[in-house]
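S.K.: Once you've had a glance at the structure underneath, I'll fire off some questions.
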Amino acid sequence: MGIWKWLVMASLVWPVLTLRNVYDMKIECPHTVSFGENSVIGYVELPPMPLADTAQLVPESSCSMDNHQSLNTITKYTQVSWRGKADQSQSSQTSFETVSTEVDLKGTCVLKHKMVEESYRSRKSITCYDLSCNSTYCKPTLYMIVPIHACNMMKSCLIALGPYRVQVVYERTYCMTGVLIEGKCFVPDQSVVSIIKHGIFDIASVHIVCFFVAVKGNTYKIFEQVKKSFESTCNDTENKVQGYYICIVGGNSAPIYVPTLDDFRSMEAFTGIFRSPHGEDHDLAGEETATYSIVGPANAKVPHSASSDTLSLIAFSGIPSDSSLSILTSSTEAKHVFSPGLFPKLNHTNCDKGAIPLMWTGMIDLPGYYEAIHPCTVFCVLSGPGASCEAFSEGGIFNITYPMCLVSKQNRFRLTEQQVNFVCQRVDVDIVVYCNGQRKVILTKTLVIGQCIYTITSLFSLLPGVAHSIAVELCVPGFHGWATAALLVTFCFGWVLIPAITFIILTILKFIANIFHTSNQENRLKSVLRKIKEEFEKTKGSMVCDVCKYECETYKELKAHGVSCPQSQCPYCFTHCEPTEAAFQAHYKVCQVTHRFRDDLKKTVTPQNFTPGCYRTLNLFRYKSRCYIFTMWIFLLVLESILWAASASETPLTPVWNDNAHGVGSVPMHTDLELDFSLTSSSKYTYRRKLTNPLEEAQSIDLHIEIEEQTIGVDVHALGHWFDGRLNLKTSFHCYGACTKYEYPWHTAKCHYERDYQYETSWGCNPSDCPGVGTGCTACGLYLDRLKPVGSAYKIITIRYSRRVCVQFGEENLCKIIDMNDCFVSRHVKVCIIGTVSKFSQGDTLLFFGPLEGGGLIFKHWCTSTCQFGDPGDIMSPRDKGFLCPEFPGSFRKKCNFATTPICEYDGNMVSGYKKVMATIDSFQSFNTSTMHFTDERIEWKDPDGMLRDHINILVTKDIDFDNLGENPCKIGLQTSSIEGAWGSGVGFTLTCLVSLTECPTFLTSIKACDKAICYGAESVTLTRGQNTVKVSGKGGHSGSTFKCCHGEDCSQIGLHAAAPHLDKVNGISEMENSKEYDDGAPQCGIKCWFVKSGEWISGIFSGNWIVLIVLCVFLLFSLVLLSILCPVRKHKKS
């Protein structure tokens, strides 16, 4: 019945597969070619095809790299198949027979001696296939081995195998030379005693593919090593097959020859091949649950002309999961076996009538080290409505994410760096990119500035130099840019715009005055009518007509109604109307003269004399007067200059620099100085003041407190590597014999569980060809395959949050690392961390899906013992223990139907813990890391996101001996060396200062970057005696700013100009470098400071480009000429 089920399924699947017969083979390539004959390998498992078509299978390649010619030769196989005997109606050990025939297969993975080495030297590929067959259909697996140079020569190509087309895709990893495992670049090391190299020494599970190479010689007697290693009873090893396995580790390595006693990798592979000879199964997606029907044990003649049986096999029907190609062991010549529908004997405890696999795939544990992670460089340029960005890293990019950007999976490489191009569609918010675990911020405001400058320069392309000089002023973001535009427009066109705008304003005001006058007249008339009506109602009665019921406004109108309405006439137009109320009311709505009596009253009411007042004053205002225009022009220039100066600095985000004037704030010590605040984990804090004697202000002492960003240190227990795997449920049924009679392929899997239902007790659980009740066995097997390491887990034992605190109090310089509930205490200063708000706790498990620099997840519940399949931590490989398999708590059920093969059912979970976590990953807390340091027992990092907070308390005592501590002998000299970056931009500039210290060994202080009026940034630094180089970053300024290095009120003599913001690439800045709070109490910029700033700008804008002043003056003269034409001076005649 299993065969018929397989036929039905294949008949349904085959037409669908023929519609889409193109499949992908991925070959992972490192982005450098290392020394040695390294090759890369890829493979793909293809859908089933008829067994009869396998004889015509030949791989055909369209790749630019030639295929090795040796694979085009025909290999003779002994095909062993089984069939039922015609005279047998009951299943038994003698109810079937095996048949051996000779077949020719072309392109199978029969590698010759030195073939891989020759293909590397001649730049040729090796393309071959393996077959996994039952009695009816075969599933091919296509393999391709190419020299590593192909990664630089090709991106993709096409291979044909029978009805299938396989597209080979060369995919670059970010690894320099290593293998990508768990998102990290692992470099296997041949030495067992290897120590740390460039990274951390570890043991990783690496995928391996091996091919048997038949060659005669005393050094190739493989079964001699089998006998030594596995205590085999193989006595006649001289007459066994001779040769070796050649293996590729991790999809990218130099050839490994198995067995080689002095190569640890080789012996690991050798152990895997002979302890688990079936290796990884060849199940396709959807074949995790399948049924075998074991027909029975069989013997066959290999070759077909042999006089006696030489190979033991087990016949089966059902979905094939393992390779059907093997090598007979009982001959020194390689006898190739093709056994569709039969498992050859691969157990070599007894070497009689056995075989070895032609190919083997599996996993081995290898020691090695992980490649170091290099920082990223990210920059962007404006492109259309968004930004085009690139990221570089010397050692490759393992992770780059940003939800607002489109990051392509196809990466390009430039020399030894990896280049990743991506597009961000929005530039209205800053671009935050996580690259190699670093948080990079690209300030898009600078990109918009560049686009603005480009646009203005393009519009005035006749004078590009002048246009660019003006554009860099106008395109400063915020109010400052608008203030600059207003200032330039007022200077150039104020003489025309001032009278024009004044005229428009006067017109609007006169219109409003006229409206108010008319409105007042109407309101006055309404008031008179209301008073008349009230008086009439008090003396005479109602003002409503008795006939038409219309309410009249005057007595004369009421009297007209009394005469006309009884005569059926309209009192207004004397038109005939029906003598009904409704008719009169309807007529009044269309009558054109109902206001006749109101107008007569308006004429009789004496109008109030209108005094021109405001309206006349507006008419007489001399807005064309040159004196008025000049006065307003000067006033607007002064006002706009002050507003411009006040807005010449950017509004910063918190916590960063706040622009202030020169100097340091002072605090009179009447009482103790206490500061109490919270500080994010990613922020530095600098507090600087002059403490003055309240009794004598001339006496002071310098105080400088520096608190560095938080360091998170955890003592951990390395739990090992977490694996993902596929759980398979297989049913193996045979009609006779005990369950222990056969060995199934899952018996050699690392993790497996079996439940046997031995000796069927009912006819309802037996197929029709079974002998009867009380015989046979149904074996239910659960096993894990396709194991893949996905992450590393660490359990937190203890956790510590610490900061480094340094205090300069006069001459005294002290530093200490303090943690939570700890204090820095000196004679005058006390700095304490009172508490920390954190999301980590003791006992949590940290899981890293890639390099530790990329951050990870926090698990509150992680399985460490009696793990069930599906739990976090279900499949683990600790370094100090063997492979830990999960428990399968579900129960089996044997499903029976009359005259059909029993089927095993499992009611437990079939989804791995990793897949469950990935499906609900948003429900777990994550964290990012920076400045990572780690060993097996301890991990330290800094939080780039500022997700944690420390409660800080600073106390400075008022009891200070100013007489003895006031004098500070330290002398500081300043010199400005160089400047990088741009003024007025979001990214800012970096000033390089040469600072000399004399008279004392060390001194903690701050160096500022300032122009004549304002300081834009500061750097807290510990100076040592002699010359020190200090880099100070700042943001803001203007085109006239001459940036100098300053210390307090003292600045370097020579300053430097920064570049203008333009279309250059905007580099991403590290958030850890940019996150700092600086407080030195310097005063804010006042009126005097604003004027100094305006003067510096005005002198600076013209100092380098006098043509700009000439052009502006030309525009001014043009506006004066235009004013004289449009508003000529009125000539007054002398009386």
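Cβ coordinates are placed from backbone N, Cα and C, and glycine is handled just like the others.
Keep in mind the model is a prediction, meaning the values are calculated, not measured.
Under the heading signal peptide, Swiss-Prot lists 1-18. Positions annotated as topological domain 'Lumenal' by Swiss-Prot: 19-485, 649-1105. Residues or ranges marked as N-linked glycosylation site by Swiss-Prot: Asn134, Asn235, Asn347, Asn399, Asn928. Taken from Swiss-Prot, the feature transmembrane segment covers 486-506, 628-648, 1106-1126, and the record attributes it to sequence analysis. Residues or ranges marked as topological domain 'Cytoplasmic' in Swiss-Prot (evidence: sequence analysis): 507-627, 1127-1135. Marked as domain 'ITAM' by Swiss-Prot on the basis of sequence analysis: 611-634. Taken from Swiss-Prot, the feature motif 'YxxL' applies to 615-618.
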S.K.: Which residue, out of the glycosylation sites Asn134, Asn235, Asn347, Asn928, shows the minimum number of other Cβ atoms inside 10 Å of its Cβ in this structure?
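M.R.: Selected from the glycosylation sites Asn134, Asn235, Asn347, Asn928 on minimum Cβ neighbours within 10 Å: Asn235.
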S.K.: Express the distance between the Cα positions of Asn235 (N-linked glycosylation site) and Asn347 (N-linked glycosylation site) as a whole number of Å.
M.R.: 15
S.K.: Pop the mean pLDDT for the motif 'YxxL' (615-618) in here, whole number is fine.
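M.R.: It averages 65.
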S.K.: Could you state the CA-to-CA distance between Asn928 (N-linked glycosylation site) and Asn347 (N-linked glycosylation site) to the nearest Å?
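M.R.: Roughly 49 Å, rounded to the nearest whole number.
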S.K.: How many Å lie between the Cα of Asn347 (N-linked glycosylation site) and the Cα of Asn134 (N-linked glycosylation site)?
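M.R.: Asn134 (N-linked glycosylation site) has its Cα 21 Å from the Cα of Asn347 (N-linked glycosylation site).
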